[in-house]
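**Q** Structure below; questions to follow.
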């Protein structure tokens, strides 16, 4: 049960050494004005102490220990100051010392190769002097010791089915390119970061890469403490099952009577310090016991953020991760050179399967812009012909028909064209998110947006439901294309969820090809300025209390209960490039005390969304309902610590462009196999030109990336925007058929479609690791490619886990200074 420090009680002890906040003195006075209200306090639902390193190995100490908070605050203060540095402290500048060293190394290698026949003894000595790295001999010795002790479990499990393809094998001693002390420090830090992510994923019942978990289990003193729930077993899918799931016998919104809903648990709900708590009685008082549901400890979260922030600017760790990423890129190029024709031959052997008829999911697309501009134009013209006299809008208390709305604009159906609609992004929207948002208004009129692409209006979202159903019909006709549409909940009023659910149920907006995500725009400052909200906690109550009520007593929100069965999770959206005037730390005001008109920072939104979602997931899992995941927009622009928060809390992210500047985070996202839905055409119009997009680089290194459309209304021209996205990417980056099918398979894996549906699309064994989990008859991805990805990931995980397991190095003294990039 959660314990809260009440009046007169001391606050829970902070797990790291207390230091004065650098922001308190370094940040501008106006950035802190009015935000000095009650600070954040520890709030924990699980009994007992919850230290950060609860299930870590005995020794994961590094040279950064004791300095994480100080280093993180320094980096936060740099981001607030908007430094004019040529490169950020977490990225590599263009003239990187590592690149210079690599060039020198290559020149020396060429010189040595020229002298090999003349002076073999000189060659040997030169190679030993130049390539000498402590990590080689130490790691080799460790391997020999491990074999001598009979510890063969990890190696035996890594034996995969032999696949007929050519592998690149580095013979001899392991070459990491860094001294062993740096290797061990980097390996410990990377492992510690992976443990942190695993902890938060388990806490919220989100997924974590099974391969990574298996390697981390070799290091943990004891298994991670998780809640287990009884689940009804899924009906197994046979190996010969059709690629199309069976059709539903009846519409999922058919029975909406409260009498058919699950029973009432009779539990009470109340939000305390920004998180909904569940009590054993309907009207809880101060002495009413709580239902024990776990959620993240706040002090522990801030400490974990500080650890990761300090990690990404550590010089030796950046060098290690940069080298590993470069190695992964080069290794993939060699793999393609050796096996491209074999992969193509394997694809050609599969009957009735090619890129067009494999499942692909648009994992990042907004419902309000899921149609293309021609589709919207035709729909508006059709509505003007058929429903001219329908009352669609209220202007200053006077009802208006569709005819009157267009007459007030001096427009007829004949006047309308794609150009007058003016919803497509152009060169004027680059780095201008405000102008891009204005493109959501057809003909520049917000009233048309309200009439045609809103769920809550005078006609109860009738037109929007019709156009969404037309898009769904197109997806069903294509058979193999699917989408996860984003619908908005703003948090301005408590009845938003019920209105949205009634819109979906009453208009029967459903398709087996579509799942929903709910996006929460980060617009508290706008609502607070207009006086619509008193504090940030009111916004959180409006977003989450209806969900808890529908879970505890489904009959009280029957439409919402049905609608939530088709919702995958939550998204956090807004312009990331907007400056943040506050840093989320222990001095930040609690949600009920956040009454200023400043917008809370990104991490603040994400933490409270995650904390409430974790509580909700455990409650829903107890009832046998499906759970939600967190899949925010992240890394499109703005500061790097957005990606740090998402690494800890999010199952997948959208965009992730800034990973190209942060080698440590990019390596962590690779090792954890975090899904990244990338939208190159969207980025090309807003933040990054197409040829600079890092998607092909991410794909070659093995990150879990997929292609998505984001906003077809603004960026695409054809009836099939997802195919348009694949087509342009293939032409510009010269992707192979295997690359395209791999992207499509990734999109299905990271999507929120049910396990049974994925079993039909990918094969009943898709959850298994490596080639055993691939069915080329359904995915058209050769086992060669899947085997290469799996073996490479295992080798990278083995490298860092073996280094941590090594006992050759004594404990690093805490007095050793860390190497940081130069400050401003």
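From the backbone N, Cα and C atoms, a Cβ is placed for every residue, glycine too.
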**Q** Which residue among 77, 113, 408, 460 does Swiss-Prot mark as phosphoserine?
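**A** The candidate carrying the phosphoserine note in Swiss-Prot is 113.
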**Q** Which residue does Swiss-Prot record as phosphoserine, given the choices 10, 135, 493, 572?
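**A** Going through 10, 135, 493, 572 one by one, Swiss-Prot annotates 135 as phosphoserine.
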**Q** What does Swiss-Prot list, out of 283, 285, 456, 710, as binding the same Zn(2+) as 364, 366, 633?
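**A** The candidate from 283, 285, 456, 710 that Swiss-Prot ties to Zn(2+) along with 364, 366, 633 is 710.
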**Q** Taking the Cβ of residue 366 (Zn(2+) binding site) as the reference point, list residues of the same chain whose Cβ is under 8 angstroms away and which are at least six residues distant in sequence.
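**A** Non-local contacts for residue 366 (Zn(2+) binding site): 485, 486, 519, 710, 711.
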**Q** Reported as an integer number of Å, what is the Cα distance between residue 633 (Zn(2+) binding site) and residue 655 (active site, proton acceptor)?
**A** 7
**Q** When you measure from the Cβ of residue 364 (Zn(2+) binding site), how many other Cβ atoms are you left with inside 10 Å?
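**A** That number is 28.
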**Q** Over all shown protein chains, what is the count of other CB atoms within 10 A of the CB belonging to residue 655 (active site, proton acceptor)?
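**A** Total other Cβ atoms inside 10 Å, all chains included: 27.
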**Q** Near residue 710 (Zn(2+) binding site), how many other Cβ atoms are within 10 Å of its Cβ?
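**A** The answer is 29 other Cβ atoms.
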**Q** Just the number: how many Å between the Cα atoms of residue 655 (active site, proton acceptor) and residue 364 (Zn(2+) binding site)?
**A** 9
